[in-house]
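Following: one structure in structure tokens, then a few remarks.
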Amino acid sequence: MAVESGVISTLIPQDPPEQELILVKVEDNFSWDEKFKQNGSTQSCQELFRQQFRKFCYQETPGPREALSRLQELCYQWLMPELHTKEQILELLVLEQFLSILPEELQIWVQQHNPESGEEAVTLLEDLEREFDDPGQQVPASPQGPAVPWKDLTCLRASQESTDIHLQPLKTQLKSWKPCLSPKSDCENSETATKEGISEEKSQGLPQEPSFRGISEHESNLVWKQGSATGEKLRSPSQGGSFSQVIFTNKSLGKRDLYDEAERCLILTTDSIMCQKVPPEERPYRCDVCGHSFKQHSSLTQHQRIHTGEKPYKCNQCGKAFSLRSYLIIHQRIHSGEKAYECSECGKAFNQSSALIRHRKIHTGEKACKCNECGKAFSQSSYLIIHQRIHTGEKPYECNECGKTFSQSSKLIRHQRIHTGERPYECNECGKAFRQSSELITHQRIHSGEKPYECSECGKAFSLSSNLIRHQRIHSGEEPYQCNECGKTFKRSSALVQHQRIHSGDEAYICNECGKAFRHRSVLMRHQRVHTIK
């Protein structure tokens, strides 16, 4: 049988103690490449690569070298070292581990907000804590099911003891979280299981003393399949070679049974095994797209919206729809004007915690995202991606009307207003409308008299930065505009254009009365006085 990526390596118990355990491979028809192509989101694709890397198991490859090469490829696709610095890669790993120790409901909620760092994830949780300070507050569930009271949520770790145990208040819970994967305790359990067979709690229905053949006592001893016959010997690290993840199962189990049991124990590395015992009865709801499983149907429903694009929560003000109720709450702050997140440095307020986190980088000067081509640094990876299109020439956003392409979606949106005639930015003073918000801001200075751009030499102020730049050339003597014909230079581009008409003979200003043409508009205006006098 062929092996496809996406199956979690697991140790599966046997009911009859006398039956021996054999090493098998699992077939899963899930194609990661197809799912990658179907999903246009870079962040979603990166998450798929992360899952594929973490769940990779030994396939029908010629040997360990090819398996290692495949793991390296998946790791590269996930961490993207060509874009991320060492610090960012470390941040991704820490963020992944932090999310893994969260209770399931919180884990889903945080993941759907796509935090870029551990700090951002913590801020999201702290914001959620404030929202649920009210004891009667409820956690949003799926539209098909009722909202779940916050204190009735079940912790991932606590669920192994009793699914009826209620959560502590969030503030207490945040202080008492423990990793679901404990290297010390779990590896000790793994070592004991290797020495004595698999010895698990009777409550989980595991056999007391099944036997393994040829397995080392060390918890880090993973094995490769040798041949395909029943009763094959298992090789230990002391026999040489490289090692991968393995699946032990009773030969009577079918492929579907094995797939359903595939989350008993996850073996993460060969040097430090960390087993996460998640009985399938506690996670019965599985996503058909990416293989994630959940304890509650409502959690699966929320997760599936990532793949389906369903957005059941609609804003009554503007009609915009969202996949999560929490997104709708954040969006509604645009209409209400609420800005709950304030910068302690400058007092500027924001309606999203993530926006505040990005803003703080202005004060700290943090620019961790560096361009490999020119060395320019940015505070956000999204800015770096946009910047790199300067070097690659990529313009992925195309206008359906004229075919013109742009490197940024915002530029395409502004361009399309030329075709639609849309002018969404209107002046409250005179009613004049503009295509861009920057044009409205500039226009409003006519009414307010604001002149924010001041010359450091003479103190003269201007309403536009371009006017200040032109003015400063008086002090510096700079004349950057040069005529290609005679070499004469000018302070303003308009002066150069007028001068070039001498060489070209172009007379752009024509009198409507007599048809006489002039090079300069001022000369035409003087000429027109002749007709008005008559």
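Yeah, the Cβs are placed from backbone N, Cα and C, and that goes for glycine too.
For the residues SER9, SER31, SER437, the entry in Swiss-Prot flags phosphoserine at a single position: SER31.
The SUMO2 cross-link entry in Swiss-Prot, when matched to the candidates LYS37, LYS171, LYS195, LYS295, corresponds to LYS171.
In summary, of the candidate residues LYS55, LYS175, LYS225, the record from Swiss-Prot lists SUMO2 cross-link for LYS55, whereas the others have no such entry there. The zinc finger annotation in Swiss-Prot falls on one of the ranges 126-148, 425-447, namely 425-447.
Within the list LYS251, LYS255, LYS411, LYS491, the entry that Swiss-Prot describes as SUMO2 cross-link is LYS251. Residues LYS202, LYS361 are shown; Swiss-Prot lists SUMO2 cross-link for one of them, LYS202. Averaged across the domain 'SCAN box' (50-132), pLDDT for the predicted model comes to 77. With a 10 A radius on its CB, LYS55 (SUMO2 cross-link) counts 19 other CB atoms from all the protein chains. When the domain 'SCAN box' (50-132) is classified with DSSP, helix, strand and coil residues number 58 helix, 0 strand, 25 coil.
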